[in-house]
Every structure is written in structure tokens, then in C-alpha cells.
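Copied from TrEMBL, the annotated features are:
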DOMAIN    8-309  domain 'Hcy-binding'
BINDING   Cys212, Cys294, Cys295  Zn(2+) binding site
Amino acid sequence: MAPTGTKKGILERLDAGEVVIGDGGFVFALEKRGYVKAGPWTPEAASEHPEAVRQLHREFLRAGSNVMQTFTFYASDDKLENRGHTQRFTGKQINEAACDLAREVANEGDALVAGGVSQTPSYLSCKSEDDVKATFKKQLDVFVQKNVDFLIAEYFEHVEEAEWAVQVLKTTGKPVAATLCIGPEGDLNGVSPGDCAVRLVKAGAQIVGVNCHFDPATCVKTVKLMKEGVEKAGLKAHYMSQPLAYHTPDCNRQGFIDLPEFPFSLEPRILTRWDVQKYAREAYDVGIRYIGGCCGFEPYHIRALAEELAPERGFTPAGSEKHGSWGSGLDMHTKPWVRARARRDYWEKLKPASGRPFCPSMSTPDGWGVTKGHADLMQQKEATSEEQLKALFNKANKDH
């Protein structure tokens, strides 16, 4: 099914070898701006504060994004009502509003709209395959009604649930991408990245890769393993990467949510724009052509992707009007020592200081080892009780 208007579709672009620049991390960006609540991380802002969501879309578009992902992360009904989280809007209303905002801004440039679904409390609580698929179908019905250009199943810790999502999404006939939030060790059941990718392709995904949970270096390594698995199986796919904008060399299999700094003290780990340019080049060199970002990625990070890959794409984004390549705009600074930094080799070789003399360079992840089926992961509609919290506090204190 072709995208709206005369724009080339996602597969048409990738089949031609074009670089597709994704967008950044909406939930983290909007949490910092005061529109998303940390904890549930749900996207009701699409209905409550559409101006905030629209503006962030526009900033990513100006930075070079070719894809406006609908702000529908965790917009399944079971997640919107999880653990006492009450809503003024229905899941259908939130998904509809998110689609309208993404389309409005995509129409302002050469961008496509991608409708996205993500992992569900229903799966973690061991609901049946039919129940989980029905949850995805509710969101999908809105995406079909709003005629998004393609679909993404993103942020899955278990490949089995991602397979179910892909199977539902592919019934539309629209292109389907699938990204897991895994590292080189594989999903939380120990399925390797290569085997995960093969299963997703066989389920019907034309684009596979990873998003969230890990830094760019880890994600590129993981997608490379996925690519090797797909090729070994004699299958074909396109590849995508949308990592964190945080350095996570100390993460275990669970990724950054196991770090003690998650989610409110991650700022010392943030990638510089130069780190992002390095990531863009490394991703391109291993054959990834859909390159974007997830949590922590702000518009200036996306602009860095677009600027690094400008030679391959043939142009720079509109946002580069206010950004000299490799700091060249600093030649206009009043201070001579800052003008001396208007060069690539300065920024490429810089080792940024944190300014925190008593802080460690790395942390020890929590590593509770809890996954689907564990009592602590069973989800509920009621608010978390004081007794439940006390038990968790005691466990955390004991582990430390």
C-alpha cells in the first residue's frame, strides 16, 4: 500500500539504498518538558497538550527526520489504565490524536507517518496470545482508519510478543518494521539477536533492528548480529537502529532501566552531537539504513545524524542553517580561544569532563532478573499498594 500523496514509501526508499533518518525519544523529551509522567510513560499528551507534541514533531522534522512516529508508545488500553493510572481520554482518542498530529507535521516536509505499538502489560501478566493480539488490534484499527504510511512494532523485550505484534500488523498490507529493546545477549528469554531477527522476518517484518535500552555502540553491534543471522538463514531484510542517547557500557541484559540512575539522573551519560555523528557513520558502515534515536535523543542529536550522512543523502536539514559543520560557526565568537575551537579535529578528539569529581564513571546495575511470569511483574489495574511498595523497598535495601 503506497503512502499518501506522491511521497516515496519507506520500502521504496530503503530498496533504493537511501538513508532514512528516524526521529528521537518523545516520552523522555516530553517528560522533561512537563507533558509526560515518568513511571507510566504513557502518551496522553497527544490529547491533553497537542501543541507540545506538534512542536516536538516539527523540531525533529527541521532536524532532518524522514519519519514522524505517532506518539502512541504505551498507548494500549491495558497500559493506559495500569496501576491506578486514570485517563480523561480513551485509548482510541489518544491514538487518533497522535496520528493526526504526526500527519499534520509530516505533510510540512518529506516525511512519512509510522504508527507504532509496543510491549503490553497483558503479555507480562501471561495473558493468552489472543488477548495480547486483541490489544494490538485496537491500536491498529486506528492506524488503518488514519492511513499511516507504515507500521512499527517497537520496544519488545521478548521476541515472542514482537512476533505476535508483527503478525497482527502485517494483516494491513502496509510495510512493517520491528525493533526489540535487546543487546548482544539477546532477549530476556535468551534468544540470540540473530534468531530473534529471523523469527521477526518470518513473521512478516520487512525491516528489523533494535531500539532503546542500550547506547549506539551496543545497538549497532546487536543489529550487526541480527543481520548476520538473517543472511545465514537465506532471508532478506532492511535494518534499523534507534538507540538511547546515553552511554551504557555498564548495562546488563536488561539495559538502562537496571541502572541506578534510571530515569532521573541519566544526564551525565548523555551523548554529545559528535558522539552521534560517530554512531551515524558506524551504523551506515555495517549496512543499517534506517537510523534514528530513542530515549534521550533530542532534535540536535537527530540533526547530527543528518549532517554526518549528508554526503550520502545529498543535502543537510533545515536545522543546519543555524549550525556550522563541526563547530565552524564558532569563528564568529568574540573570544579568541573559542574561535580556536572552530575545527573538526578539536571536537573529534575532545574527552568531555563530567565536572563530578566524586562520581564513578560506571555503575552497578540492579540485576533483579525478573521477567515474564514472575509475581513481581504481574500487572494490575489497581494502584500499587503501600504493602507492595514496602516489599519492593525491602528487597532493594537487601540487595544493596
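Including glycine, each Cβ sits where the backbone N, Cα and C put it.
Taken as a whole, the domain 'Hcy-binding' (8-309) shows an average pLDDT of 95 in this prediction. Cβ atoms within 8 Å of the centroid of the Cβ atoms of Cys212, Cys294, Cys295 (the Zn(2+) site) belong to the same-chain residues Gly25, Phe28, Tyr155, Cys181, Asn211, His213, Gln242, Pro243, Leu244, Gly293, Gly296, Phe297, site residues excluded. Residues within less than 8 Å, Cβ to Cβ, of Cys294 (Zn(2+) binding site) and separated from it by at least 6 positions along the same chain comprise Gly24, Gly25, Asn211, Cys212, Gln242, Pro243, Leu244, Ala245.
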